[in-house]
Amino acid sequence: MKVSIIGASGYTGGELLRLLVNHPEVTLDRITSESNAGSFVHMIHPNLRGFNIKFSSIKESFDSDLVFFCLPHGVSMDYLREFYDTGVKIIDLGADLRLKDKDVYKSWYGLDHKCPELLEKAVYGIPEIHREEIKKTKLVANPGCIATSMIMALYPLRHLNIDKERIVIDSKIGSSASGDSFSASSHHPERSRAIRCYSPIYHRHIAEVEQETGFKVTMAPHAIEMVRGIFTTIYLFLNQPYDEKEIRGIYRDFSENNKFFRVVKQKKGIYRHPDPKILTGSNFCEVGFELDRENRRMIVFSAIDNLMKGAAGAAVQNMNIMYGLEEDTGLKYIGYHPI
Amino acid sequence: MKVSIIGASGYTGGELLRLLVNHPEVTLDRITSESNAGSFVHMIHPNLRGFNIKFSSIKESFDSDLVFFCLPHGVSMDYLREFYDTGVKIIDLGADLRLKDKDVYKSWYGLDHKCPELLEKAVYGIPEIHREEIKKTKLVANPGCIATSMIMALYPLRHLNIDKERIVIDSKIGSSASGDSFSASSHHPERSRAIRCYSPIYHRHIAEVEQETGFKVTMAPHAIEMVRGIFTTIYLFLNQPYDEKEIRGIYRDFSENNKFFRVVKQKKGIYRHPDPKILTGSNFCEVGFELDRENRRMIVFSAIDNLMKGAAGAAVQNMNIMYGLEEDTGLKYIGYHPI
Amino acid sequence: MAECPECSCIIEIENPEVGDIVECSECGIELEIISLDPLILEIAPEEEEDWGE
């Protein structure tokens, strides 16, 4: 199928392009970037040297079956309706279609939604939850990266008797999650080795967790010494005692139905809990846990590559599902060890 | 074809296994590690979770067409003759077969060679130099990682009028190049952010450079803040003036005949010279240069991933050539950006 | 097809027009088409990019 990427000069667009150039079923149509139109992609994404792909402009003609939107939130909205009306399939990696309720959207993003009628048409792009709907839709809202790491860990526990009002989440985030625009705070001497909490409590991805799991969470993201990767630590209060086998069983069943979901809780080896370090470039989400039976508490760990399962990898996974392909087509990436 | 890895618990063996599990023409036979026999591979290489491969012992029966040796130098020698005599194809990723002259071997490794008769049967495993011989041999000596980065940059210049006795090489090396055995100096608080020159002048890989290019080099490797990657800076004294187009032409021709060799010298973008950062996990060698015409000097840059083009990637490339396959079969890995 | 005056890489140009700015795929320099027949490229005036170092 012929696909285009709108806004391909950013990290998400670049990662998506890396996946698409080696995807067996895909031929590329337009790879747009207004500021770089006419220039070679590898001047921005050096890992794509040798492919000789050029950026084009969104104003040029399209001949695509599916279009990926990798535009900042608020900008996507300007083009979504125009493209949707042409009948083309769309996967929006931005935030404009993630929240079903335009008032909730306004409260988190401070913008009036320009195409609210698309909100209930869009399917939230976590296949592990919405696989059947994704098969039938023409419009997918790719989830936020931190949201993905939280939802993948919490959703399988939705039937447990836990205090759904008191969930504490402490997330550690790689610098690539804030995109390629640089600032004083991203200047190497200031950013290197920092442990910097940013937008605690009011991080936008929280809204997606509540929408998808019904859990009310408090979350604080911390930028740490990492480029790719999200490591999320979730603190749960249980209303009744559970034992390890029960919890592990729940997660194991979930992994049996979802090939990109892995349970990691080992007694041996260096990597006994999930670790984004070894997931780099792969589409896996690894979840583990530690149970404090007496005090009825549990800690759950969740690790992903924010540019893969948290963005481009999930987008290709959604595309595969929309076209009835094997879900891991063009996504058979294994992490590297050591890295 | 059926292949085995002998000594698969180390970083090179693990990287080779990562490539082989996704190689279209390969089925795995034995994956040995004496200390881990019977245990799952992913306890040592967590990125290989989900493949359920177990380590076996070298004492068990083999049914392989080709065997990769990933044993420390000196240990390989104990098994090489035994396996060679069975007629199986061998690629030795260790150092025991790299130096053609057993006395040179002894001077660099301090050991008497146990199977000197294999030395002239073994082909030095840089396809960009020995492609035709590799097609016909049953025994390949995979080159050293730093040696690879130096030879790939110097070999194309072998006909230039340069002072072949005065070549200065300053190499920056990732920690994975010293393998998985830990020590006081590899302890994180001591190793993190270190810039530590180790075995200057007498580094063993120098012998391979002189053997393959005829150039006499002085080299000092520096361990820096990097896990994967080698960045080699080569300082050359020219006996006559050359201009940029000539040098670029030489390297461009070399890259046209060798798909894993790339010339990188750009006027634009962040990555204007080679950088191992964006080659992580790929089998490319990137070479660039800067010419000082008036003073008849030149600096050449060479970047590789020490575990890929410097080890496992080259080994698979050699295997592909030995079996008449496309050279990049199972090696179509693109670097990641950002990483 | 034309040769980049900076690095002599051969550049393919679809429907070239005089005055167009094209980019060399190998060295990334910006080039201006100054004639069509024969197709000739000249290094386009561009401010020296600040390396930030």
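Numbers run from 1 along the shown chain.
Cβ atoms here come from the backbone N, Cα and C positions, even for glycine.
As recorded in TrEMBL:
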type: DOMAIN; residues: A:2-137; note: domain 'Semialdehyde dehydrogenase NAD-binding'
type: BINDING; residues: A:Ser9, A:Gly10, A:Tyr11, A:Thr12, A:Asn306; note: NADP(+) binding site
type: ACT_SITE; residues: A:Cys145; note: active site
Tell me whether A:Cys145 (active site) sits in a helix, a strand or coil according to DSSP. helix
Cα-to-Cα gap, A:Tyr11 (NADP(+) binding site) vs the residue listed as 'active site', nearest whole Å: 13
Between the C-alpha atoms of A:Gly10 (NADP(+) binding site) and the residue listed as 'active site', the distance in angstrom, to the nearest integer, is 15
Just going by other Cβ atoms within 10 Å, which of the binding-site residues A:Ser9, A:Thr12, A:Asn306 has the emptiest spot? A:Ser9
According to DSSP, does A:Tyr11 (NADP(+) binding site) sit in a helix, a strand, or coil? helix
Whole-number answer please: how many Å between the C-alpha atoms of A:Cys145 (active site) and A:Asn306 (NADP(+) binding site)? 5
Helix, strand, coil residue numbers for the domain 'Semialdehyde dehydrogenase NAD-binding' (A:2-137) per DSSP? 47 helix, 24 strand, 65 coil
Among the recorded positions A:Gly10, A:Tyr11, A:Cys145, whose Cβ has the fewest other Cβ atoms within 10 Å? A:Gly10
Max Cα distance spanning A:Ser9, A:Gly10, A:Tyr11, A:Thr12, A:Asn306 (NADP(+) binders), Å? 17
